[in-house]
């Protein structure tokens with residue numbers, strides 16, 4: 001018998017023909033497709049990423065601290081209980097809670113967005129910071145528009161503090177600090193304390209016809225301990241006799257003059273705040289630009 005030699009067919013040619021018949025795209029046939037190829041971050045990009053993380057971590061800790069102070073103040077005064085003396089919305093410590101919650105949430109989004117390179121969290125962080133900046137600008141413009149009415153608003157705020165002096169410990173602390181540091185007493189004069197139900201001369205308590213100890217010319221006993229009785233009976237005295245015990249001038253004029261002298265410091269603080277916000281936004285935008293997919297081909 002004779003063996004018949006079959007024609008030889010290479011496997012490479014078969015594979016090529018199969019690929020061509022199947023119509024599957026190759027790299028040479030489709031060169032204009034978008035492919036998400038991750039870029040290898042440079043040293044500078046890594047530094048920006050970790051700087052953004054620690055930057056937001058710092059403000060996250062500050063926000064948590066403000067939140068803790070606010071919650072502690074509310075719990076210490078019983079404002080979260082059913083026996084609170086004033087509505088929760090009128091409690092000044094609520095401002096610490098709201099600021100702490102807002103700063104913590106935004107800073108946490110910035111931390112996680114920078115650490116995990118999450119576009120969603122980074123966009124939320126940028127949007128939230130820009131929203132806060134817009135509110136700050138709006139508030140500044142509003143203050144400029146009503147700057148002539150600030151004196152009346154300041155008087156109303158101090159009058160509220162005066163009437164609720166014994167009811168709110170934080171308001172009491174604020175009033176004492178203002179009167180002690182500015183060396184003043186009351187709104188227009190020391191006799192404004194007669195409107196307080198505890199210091200009024202018709203009040204039944206031992207503080208009747210008195211003013212707070214922070215109004216005294218020398219509120220210290222032996223130079224170290226506060227003399228809480230140094231202003232007892234000051235409203236029964238005449239102006240001449242009372243001038244040797246307490247400050248006669250009110251705090252509205254003194255506080256207005258002090259605020260006018262602090263305009264430079266207020267503007268500098270606002271500029272620092274804007275710089276901090278702009279730095280965080282720029283770092284977040286830089287990270288967003290680094291994680292954007294690149295296009296392959298032409």
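Even glycines carry a Cβ here, placed using N, Cα and C.
Note on TrEMBL: of 30-52, 53-75, 168-190, the range annotated with the feature transmembrane segment is 53-75. Sequence-distant contacts (6 or more apart, same chain, Cβ under 8 Å) of residue 185 (disulfide bond) comprise 179, 193, 211, 212, 214, 215, 246, 247, 248, 249, 250, 251. Same-chain residues lying 6+ beyond the ends of the transmembrane segment (53-75) with a Cβ under 8 Å from its Cβ atoms: 88, 91, 93-105, 107-108, 110-111, 114-115, 125, 170, 279-280, 283.
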